[in-house]
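Reviewing the structure listed below.
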Amino acid sequence: MGGGAPAGGDFDALLTQTQNQGWRGLFKNGRALGLALFASLGGVLYGYNQGVFGQVQVMYNFEQRYLATFTNADLKGLVTAILELGAMVGALTAGPLADRYSRKYSVSGWCIIFMIGTIVQCAANSSVACIYAGRFIAGLGVGALSMLVPMYNAELAPPGIRGSLVALQQLAITFGILVSYWIAYGTNFIGGTKEGQSQAAWRVPLALQLVPGIILAIGACFLPFSPRWLMLKGREEESLETLARLRNGDPSSAEVQYEFRALQAERLVEQEAAKERYGQSEVNLRVNLLEYKRLLTTKPLLHRLMLGAGAQALQQWTGINAIIYYAPTIFESIGLTGGTIGLLATGVVGIVNFVFTIPAVLFVDNFGRKPILAWGEANMAISHAVVAAIIATNGPDFENKKAGNAAVFMIYWYIANFAVTWGPLAWVVSAEVFPLEMRAKGMSISSATNWLMNFTVAMVTPHMIDNIGYKTYIVFMVFCIVGFIYAVFILPELKGLSLEEVDRVFNDDTGAEDRARRERIAKQIGLDKVAADIVHQEKPHANGEATHMA
Ligand code: BGC
């Protein structure tokens, strides 16, 4: 890198090289890790909501009270799916509000909205309208947190560990799902599992979400502001102080100065680009909307957006949430009758999902994206095919216990494969396909796509199970094959590439203009000199531990 600012103006690249990366880096950055873990309560809420309702809606008391009267499968599906619709709206609106009111107060605010939704559900009288409304409102909060928390974490962390933070979020989600399953499994017994069942059986697991909600809503107010947000607001001094505190370093140390100046440069780059493109240097709502327009109408950018949003859509169409939401129903359909056995089997889904996310988190950066994604789709397609075949030959009464067990095993195999591959990687891919200046906007559209598809799958699955039975799995199998083709033939390998290399892969130069601007501004504010200092400091440690700031 010749001792200057990293080529292409990738301000993070230098520190990524000189710091401990991945999980090693996480543990070396105790403070950032602690804060990220706390903020990841948002991911736990996300997962809890993904998991809890599948359990609640097969509880006798809940079914009798709300669902028994439904003749329409759409209304039934919507009780689950409406949360995802709210989440999509939340994910799309959270970004601009977070720019205005800060990341941390946004986290607090959306937590309060989430809690209002939860209270409406818990206190629902005999009208199912409260459940719909409560789930929609809670969804707004969950969707907003699903993008705010990773964004806050990434802005707090040193560059070398940002990738691992994506995986940390996925681990938090799967932990939330796991906990929700087992809590609901336990509360299902309150008052018995049939006629005698108490309302508490379903009200308690819904109400328990308030505990992490309150902790996060209050705790977020005491978190530091994101240094990037402070810079965005022109509060440069505070930004520098916060960075120094986060890195346990001195404000004048080369590393802290480098990160600080990189933030400064980032802001200047945005302002200059806005001035050139739209005639104003204030990056306000108008500029943001015009940038969204550019993303949607410039061919090479649109191509990347299709790949990123495509990864998210395909993740949902693997059928993961058909299983997460309807596992108890699915297990019943393959012979695990007697309510609680289905719930127990579902609890195991939660464990498998969580446990198999751990290796993904540890090794996410050691392998290429394409082979992992292809492996995942191939195995998920096989699982769907086998489950379909077993149900086709044994259903609908399912006397054959062995066949039932084989189907259950295949569902676990499916979950394990999802957890190590598409679970975290869809999020990683949908971040790394975008040029830096479009990353936040690209990701907000990609995550909204994830929620929209999540909603669609939740809506159509009960219909498919009722009307086409085992062929439901064939539908998901076909999507897994499409995902396999995407992984092998459509998605370029992006692991470990620099920003220019990614541009070259996409054969476009949309990023070139911004890169040139970045390089020039980096020079202007002396970023290259600080970079040279760091490289100089690193030399004596050439093949040992890199000097790090903690
Ligand atoms: C997906 C969720 C899913 C979860 C399961 C996430 O990556 O986006 O929709 O419920 O994984 O672990």
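Heads up, the Cβ atoms here are built off N, Cα and C, so glycines get one too.
Annotated transmembrane segment per TrEMBL: 32-49 (among others), in sequence order. Under 8 Å from some Cβ of the transmembrane segment (32-49) lie the Cβ atoms of residues 26, 83, 107, 111, 114, 138-139, 141-142, 145-146, 148-149, 152-153, 156-158, 161, 165, 168-180, 209, 212-213, 215-216, 219-220, 223-224, 246, all in the same chain and six or more residues away from its ends.
According to TrEMBL, the domain 'Major facilitator superfamily (MFS) profile' annotation covers 35-495.
As annotated by TrEMBL, transmembrane segment applies to 75-95 (among others).
Sequence annotations record features per position, and here TrEMBL assigns transmembrane segment to 107-126 (among others).
What TrEMBL records for 132-153 (among others) is transmembrane segment.
The transmembrane segment annotation in TrEMBL covers 165-184 (among others). Sequence-distant contacts of the transmembrane segment (165-184) (same chain, at least 6 residues past either end, Cβ-Cβ under 8 Å): 26, 36-37, 40-52, 55-56, 59, 149-150, 153-154, 157, 202, 204-205, 208, 324, 343, 346-347, 349-351, 353-354, 357-358, 360-361, 364, 419, 423-424, 427-428, 431.
Feature annotation from TrEMBL assigns transmembrane segment to 204-225 (among others).
Nonlocal intrachain contacts for the transmembrane segment (339-364), taken as residues 6+ away from its ends with a CB within less than 8 angstroms of a stretch CB, comprise 22-23, 51, 54-55, 58, 60, 163-164, 166-168, 170-171, 174-175, 177-182, 184-185, 188-189, 193, 323-324, 327-329, 331-332, 408, 411-412, 415-421, 423-425, 428. If you look up TrEMBL, you'll see 339-364 (among others) marked as transmembrane segment.
TrEMBL lists 371-391 (among others) with the feature transmembrane segment. Same-chain neighbours of the transmembrane segment (371-391): 318-319, 333-334, 403-404, 406-407, 410-411, 413-414, 417-418, 420-422, 425, 429, 469-474, 476-477, 480-481, 483-484, 486-488, 491, counting only residues six or more beyond its ends whose CB sits under 8 Å from a CB of the stretch.
The transmembrane segment annotation in TrEMBL covers 411-430 (among others). Distant neighbours of the transmembrane segment (411-430): 150, 163, 166-167, 169-170, 174, 307-309, 311-312, 314-315, 318, 320, 323, 327, 330-331, 348-349, 352-357, 359-361, 364, 369, 372-373, 375-377, 379-380, 383-384, 387, 442-443, 446-447, 450, 483, 491, 494; these residues of the same chain sit at least 6 beyond its ends, with a Cβ under 8 Å from one of its Cβ atoms.
TrEMBL lists 473-491 (among others) with the feature transmembrane segment. Within the chain carrying the transmembrane segment (473-491), a Cβ under 8 angstroms from the stretch's Cβ atoms is held by residues 307, 310-311, 314, 317-319, 322, 369-370, 373-374, 377-378, 380-381, 384-385, 387-388, 391, 422, 429, 464, all 6 or more beyond its ends.
With Cβ pairs under 8 Å as the measure, the transmembrane segment (75-95) is packed most heavily against 132-153, out of 107-126, 132-153, 204-225.
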